[in-house]
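Chemist: Below you'll find the structure I mean.
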Amino acid sequence: MSMRPLRNLRIRGLYAITPDSQNTNDLLDGTQQALTGGAQVIQYRNKSADKVLRKEQAGLLLQLCRQHEIPLIINDHIELAIEIGADGVHVGRDDISISTARKLLPPGKIIGASCYNNLESALEAEKQGADYVAFGAFYPSTTKPDAIPVSINLVNQARQIITKPIVGIGGIRLINAAVVIQNGCDAIAVCGDLFQAENIKVRAAQYARLFAGKL
Ligand SMILES: Cc1ncc(COP(=O)(O)OP(=O)(O)O)c(N)n1
Ligand SMILES: Cc1ncsc1CCOP(=O)(O)O
Ligand SMILES: [Mg+2]
């Protein structure tokens, strides 16, 4: 299997967001299952780990993602993304700007931007050089209970004017994912409904099937 860095990828399909976990073996096992089931992107998001644990977990996840030739995006921590040579970073309104991220990252890396419920932010993010824009939360999220809600209708509007891939996030479950995809999301970012599934591999494969013919 190749260990080459990944370049020029278009984000699409099941975008798995890792849960906060202090247990690195569990995290790796769950991510391995998500990858085997068909996740097309992994985001390392851990709001409770300290710096040492974050670096250890991110480094091991990168090795795993490389084996599957799937990109690893780091949430928030651009210095960590640079240090381990991850494939990109995801930034929100409390994080560094897209233009600063672009200056700091080596060429060809992926920058994703949270746009919440705001079309203008998405247009601006595209202008600043984001590789994908994310809207959400579409449904109540136990992973991020205070997330800003957004309507499905906004994706429809976004689809008309945004050319970069659109990621939908927030409370996405198997029963509501199809509508998010049908309304224009290229990828769906899922944490709880994937990593809390009894069989993560099977659940990932169920999500992957929603993109049949689109990947
Ligand atoms: C794919 C994706 N979309 C949105 C977010 C949320 O980012 P942000 O608003 O910065 O919130 P935190 O995740 O940092 O709590 C995301 N991480 N990934
Ligand atoms: C990071 C983030 N941003 C908006 S909702 C959310 C959490 C996504 O997790 P879940 O799929 O469990 O709702
Ligand atoms: Mg953030």
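Every residue number used here counts from 1 along the chain in the order it is shown.
Just so it is clear, glycine is given a Cβ too, placed from its N, Cα and C backbone atoms.
Pulled these from TrEMBL:
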type	residues	note
DOMAIN	14-192	domain 'Thiamine phosphate synthase/TenI'
BINDING	GLN43, TYR44, ARG45, ASN46, LYS47, ASN75, SER114, LYS144	4-amino-2-methyl-5-(diphosphooxymethyl)pyrimidine binding site
BINDING	ASP76, ASP95	Mg(2+) binding site
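Describe each of these features in terms of where it is and what it packs against.
Modeler: Around LYS144 (4-amino-2-methyl-5-(diphosphooxymethyl)pyrimidine binding site), the C-beta neighbours below 8 angstroms that are at least 6 residues distant in the chain are ALA137, GLY170.
Within its own chain, ASP76 (Mg(2+) binding site) has ARG45, VAL89, HIS90, VAL91, GLY92, ASP95 as residues 6 or more apart in sequence whose C-beta sits under 8 angstroms from its own. DSSP classifies ASP76 (Mg(2+) binding site) as coil under the three-state reduction.
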Chemist: Looking only at DSSP and grouping its letters into three states, which state does ASP95 (Mg(2+) binding site) belong to?
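Modeler: For ASP95 (Mg(2+) binding site) - judged by DSSP and reduced to three states - the answer is coil.
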Chemist: If you count the other Cβ atoms within 10 Å of each Cβ, which of the binding-site residues GLN43, ASN46 comes out on top?
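Modeler: Per the Cβ count within 10 Å, the most buried is GLN43.
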Chemist: Do you know which of the binding-site residues TYR44, ASP76, ASP95 end up with C-beta under 6 Å from ligand 3?
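Modeler: Only ASP76, ASP95 meet the Cβ criterion.
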Chemist: Let me make sure I understand the span of the 4-amino-2-methyl-5-(diphosphooxymethyl)pyrimidine site: among GLN43, TYR44, ARG45, ASN46, LYS47, ASN75, SER114, LYS144, what is the greatest distance between any two Cα atoms, in Å?
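Modeler: About 17 Å separates the two most distant Cα atoms.
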Chemist: For ligand 2, which among the binding-site residues TYR44, ASN75, SER114, LYS144 have a CB under 6 Å from it?
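Modeler: Going through TYR44, ASN75, SER114, LYS144 in sequence order, those close to ligand 2 turn out to be LYS144.
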Chemist: Average pLDDT across the domain 'Thiamine phosphate synthase/TenI' (14-192)?
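Modeler: That stretch averages a pLDDT of 98.
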